[in-house]
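As written in TrEMBL, here are the features:
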{"type": "DOMAIN", "residues": "7-231", "note": "domain 'N-acetyltransferase'"}
{"type": "REGION", "residues": "93-117", "note": "region 'Disordered'"}
{"type": "COMPBIAS", "residues": "93-115", "note": "compositional bias 'Basic and acidic residues'"}
Amino acid sequence: MAPPPEYTLSPAYLSDIPAMLPVYHSAFTDDPLSSYTFPRSRIAPEEFTRWLTTRFTMLFHRPETRYFKVEKDGELVALARWSFPYRLSEEEKAKRASDKEEKKKRDEREGRDTDWPVGANDECCREKFGGIGRAFERFVEDREDVYVLGLIGVSQEHRRKGLATMLINHVLDMADQEGKQTYLDATDEGWFVYSKLGFEVKGTVEIDLTKYGGEGKARNRNMIRQPKKIE
């Protein structure tokens, strides 16, 4: 389904971060895992805003990262974060290794995983995001030569209008032109949308929610799309 013409897609910039935050909150309100990884009862609103702003800003400054937004009448209503194919220089690799060591020291000082906001369920975060990271390493042969969808969110009042597909197809066209794979991790709710776009399930990260006071299991499907041949 093509989005109505009043919705426009364009690159997002640092100055868009304040408008991106409410979209993130709206998009993940009913995500089955979010209430366990980032329980709102334990994370102060100002802390969550601080964390999201810091994280978005950090990722904006990475050379491989691209953010895109969809707007309607000047209001940001959907967003996506992609990692584009990019070869890190030796200097960039050294900087990231140094940042990783600094994070370890910071974690030790604060007695928590500082990748996440204060109040986050570190164990559940490790299980989810660690599992996703290991799956990526297992299923992607060349991690610097693939398009990766790291985040996509649509405000609840603008769902069912084809905005997620719009944000994805924009980059799939690039991947097809370059003959490159595309990778993503999909929730139970979203994976069927991606399958219609040519993504295939390669593996599943499954989390037993009863360990965290919930019921049943939550899943993230690891999905890869092969490029279409351009005639």
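Each Cβ is built from the backbone N, Cα and C atoms, and glycine gets one as well.
Annotations in TrEMBL come from automatic prediction, not curation.
With helix defined as DSSP H, G or I and strand as E or B, the compositional bias 'Basic and acidic residues' (93-115) counts 18 helix, 0 strand, 5 coil. Each residue in the domain 'N-acetyltransferase' (7-231) has a pLDDT score, and their mean in this model is 94.
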